[in-house]
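Input: a single structure, listed below in structure tokens.
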Amino acid sequence: MKGFNCNGQVILISGGSQGLGESFAKRFVQDDDGPGSNTNKVIIVSRSQSKLVKACERIGVDGVSLDRYVNDTNRNETKLIYHSCDTSSYDKVALMFKLLVKSELVPSQVYMCAGGSIPKLFLDLTPEELQNGITTNYSTAVNLAHVSLKHDVPHLLFFSSEVAFFPFIGYAQYAPLKQSIRSLVAILRQEHSSTRITCVYPGNFQSEGFDLENITKPAITKEIEGPSNPVTAAQCRDKIISSLKWGLDDITTDSIGWLLMACDQGLNKHSTSQFMFVFSWILGALLNITIVPIYMLICKFQIYQWKRNKDTK
């Protein structure tokens, strides 16, 4: 079990201008034990410079751009650094790390929070939305992971989704890429066993992205999902940090996510560190024999009814 320390770290967060990424940044720059108790350096990354500046204002700490930090003579006072970078471009990620090395800011933890979903039926998606799903949800993570490992970053944190365990209608632009993240994590754990590699599967949490998703989400998708009571981004973040401190590296943030993960073990998934692993493996086997087949028949019937109602309109 590899330890987890929230202090004295250099932490890079992609997708740090909003949502869960911003919440992590806010947590990691706080002086919980009095002024000066926190010695973290936090770098938030996003494509939009203006969003990063606004995020710094919401976090409540004076942020400094990475370009300015490189030439800053009073670096010890700086906790929060921001940098505009399109992490879907490998060259731009590599260039960012050159600046980090020059600034003596090689990360000890990298949080790959960038991502987003546009829930629609497959044929309703535009070519741009399809490509955006690939670049935002996979390319951003694979580029950042590749460059991070080249610089011997000791802890990588990937962010997948509960739909990686159970992809269903309406998530064609999102779920396949989040499943790809899970596959990538399994391979990297084999190739880089000395590196701590965490994969988080968050449930719904309140964010700008969550509100936008509900605008385009098909009715059948909402029906299968059922009613949702999203937690705050801070609650989701604290659950993840608590799990990390326990040494867990396959992390869900609610009971539904844990049950879905229990039902989807399979090859390369038995050496992972998850909550109540042995019990989840047994429970998952029982659910796959009993409950899952019945539930999938119900889903099939829901989709059939939805299609029939749609055709009669």
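Cβ atoms here come from the backbone N, Cα and C positions, even for glycine.
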>> Given that Swiss-Prot assigns G15, S17, G19, R47, K51 to the NADPH site, pick the one from D86, D91, D124 that the record assigns to that site as well.
In response: D86
>> Using only what Swiss-Prot says about NADP(+) binding by L12, D86, Y174, K178, S207, identify which of L20, L80, L184 is listed for that site too.
In response: L20
>> With every protein chain in view, what's the tally of Cβ atoms within 10 Å of the Cβ of S17 (NADPH binding site), excluding that atom itself?
In response: 28
>> Under 8 Å between C-beta atoms and at least six residues away from its ends: which parts of the chain pack against the motif 'GXSXG' (15-19)?
In response: 25, 43-46, 48, 51-52, 54-55, 82, 111-115, 140, 205, 207-209, 233
> Of the recorded positions S160, Y174, S207, which sits closest to K51 (NADPH binding site) by Cα distance?
Replying inline: S207
>> Would you identify which of the recorded positions S160, S207 has the most other C-beta atoms lying within 10 angstroms of its C-beta?
In response: S160
>> For the NADPH binding site, please report the maximum Cα-Cα distance among G15, S17, G19, R47, K51, D86 in Å.
In response: 17
> If you measure from the Cα of L20 (NADP(+) binding site), which of the recorded positions R47, S160, Y174, K178 is the nearest?
Replying inline: S160
> Does DSSP give L12 (NADP(+) binding site) helix, strand or coil?
Replying inline: strand
